[in-house]
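For reference, Swiss-Prot has these:
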type	residues	note
DISULFID	C20-C34	disulfide bond
DISULFID	C27-C39	disulfide bond
DISULFID	C33-C47	disulfide bond
Amino acid sequence: DSPAWLKSMERIFQSEERECRWMFGGCTTDSDCCEHLGCRWEKPSWCAWDGTVRK
């Protein structure tokens, strides 16, 4: 069994989200952009609001 401190570290790394691009940040796909943003396909590509809102 793992020590308590190791288990807490595992939880921290599992819950950590990947870095994302903010509004107007450069992108190549929608997954590059933060939540509620999508990659605008016209060049130059940048993250723009996808029209959704948080509930």
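Cβ atoms here come from the backbone N, Cα and C positions, even for glycine.
Annotated features, which come from Swiss-Prot, shown on the structure.
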{"residue": "C20", "record": "disulfide bond", "Cβ within 10 Å": "14"}
{"residue": "C27", "record": "disulfide bond", "Cβ within 10 Å": "21"}
{"residue": "C33", "record": "disulfide bond", "Cβ within 10 Å": "24"}
{"residue": "C34", "record": "disulfide bond", "Cβ within 10 Å": "13"}
{"residue": "C39", "record": "disulfide bond", "Cβ within 10 Å": "19"}
{"residue": "C47", "record": "disulfide bond", "Cβ within 10 Å": "22"}
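Of C20, C33, C47, all annotated as disulfide-bonded residues, the residue with the shortest Cα distance to C39 (disulfide bond) is C47.
Each residue contributes its Cα atom, and for C20 (disulfide bond) and C27 (disulfide bond) these two points are 10 Å apart.
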